[in-house]
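A.B. asks: Features from TrEMBL:
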TRANSMEM  34-53  transmembrane segment
TRANSMEM  74-95  transmembrane segment
TRANSMEM  127-146  transmembrane segment
TRANSMEM  158-185  transmembrane segment
DOMAIN    189-265  domain 'Wax synthase'
TRANSMEM  232-254  transmembrane segment
TRANSMEM  290-311  transmembrane segment
Amino acid sequence: MASELRAMAWTVLLVPACAWYARSACRRLRPGLPRLAALSPTFPVFVYLPCLFNSLHFRLFSTFFHTWLTINKLVLLALGIGPLHPSLPLVPFVLCSSLPIKLRLDQQPPAAKRASSSPPPPPLADFLRPCARSFLFLSCLAVAYPHTGWLPVYAVHFLYCVQVFLTLDLVLSSVALASATVLGAGLERQFNTPLAVVSLNDFWGRQWNLMAVDLLRASAYEPVRARWGRDAGVLAAFLMSGLLHELLYLYLTLRRPRGEMVLFFMLHGVSQIAERWARAAGLWRPPKVAAYLLVSTFMVVTISELFFGPFMRAGADVRLMQEAAAMLQLIMGVSRRLLRPFGVVSSL
């Protein structure tokens, strides 16, 4: 615990300092190579931050927040595109650069924004509901997992997929809730309904991890599409995502990647293109129930074999489950102590 607190303290110190430096440099330099060169000294900091943590959960989210999203945002900022802009006030710039959040810039017209002395209240319910829902279902899964030994392996892995979604939704919604409270502005949700999709195009383009989708669209899809066409852009975005997940595998397991993450995402990129072609030719128009079953089966099987497999062989899934159970016990213990004087949790 002491080492995690020390790592968190270093993160809280270094991330705002790097973001302040990046904003200051970009206010003085035009987009292009000089701005990119000025921002490049911050990149090793964000690459190293996940190594400070022993907890796989903290290392996972530090990799996602800092090594993946922050560096991507800063590279786009250096080129004059992306969600960041040096004209943003310091606090919004720091939060938007270091966390997976995106301001809703279209809430008010520019004139109203300039004239308004106080920002509109954040739509807290947009994030409170998914936080409560995800925590409730994660608690149910934690209770149910010891009794899933009789289930087929793909059924268990489907539960793993649900757990991954609920964990990400809980963490990202909590981050967005805190950020919206600080900024006093609305933020975009990161997930819609990824567990109820009937199309690969819909899942990867409009349902899952929308902050990452926006960055992949700006950094890989759009540049490649402009030169070589839509399908090449799709493959470039999935290739970049696969490489970033290989990096995640390296951080979580401390083992050399074997290319399975790239294979998984390239398979889904090719499948997404094939699905779009089949729809355009009128060859793929199944009923919604059939489409849901087919897409869900394809997702679970490919995730089980190519995505979960490498992590499970390295034992990362066991550590993640142990950490999640310990965190749940900690939360329940704290809740019990806080509510015991009121007689609310005498039966817990």
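Just so you know, glycine gets a Cβ as well, placed from its N, Cα and C.
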A.B. asks: Cβ pairs under 8 Å with the transmembrane segment (158-185): which stretch of 34-53, 232-254, 290-311 has the most?
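C.D. replies: Stretch with the highest Cβ contact count: 290-311.
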A.B. asks: List the helix, strand and coil residue totals of the domain 'Wax synthase' (189-265) as derived from DSSP.
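C.D. replies: Split by secondary structure, the domain 'Wax synthase' (189-265) comes out as 60 helix, 0 strand, 17 coil.
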A.B. asks: Who are the long-range neighbours of the transmembrane segment (74-95) in its own chain, taking Cβ under 8 Å and residues 6 or more past its ends?
C.D. replies: 15-16, 19-20, 22-23, 26-27, 30-32, 35-36, 38-39, 42-43, 101-103, 179, 182-183, 185, 214-215, 218-219
A.B. asks: Mind checking which residues of the chain, 6+ beyond the ends of the transmembrane segment (290-311), have their Cβ under 8 Å from one of its Cβ atoms?
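C.D. replies: Distant contacts of the transmembrane segment (290-311): 153-154, 157-158, 160-161, 196-200, 203, 245, 249, 252-253, 257-258, 260-261, 263-264, 267-268, 271, 317.
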A.B. asks: Averaging the per-residue pLDDT over the domain 'Wax synthase' (189-265), what integer do you get?
C.D. replies: 91
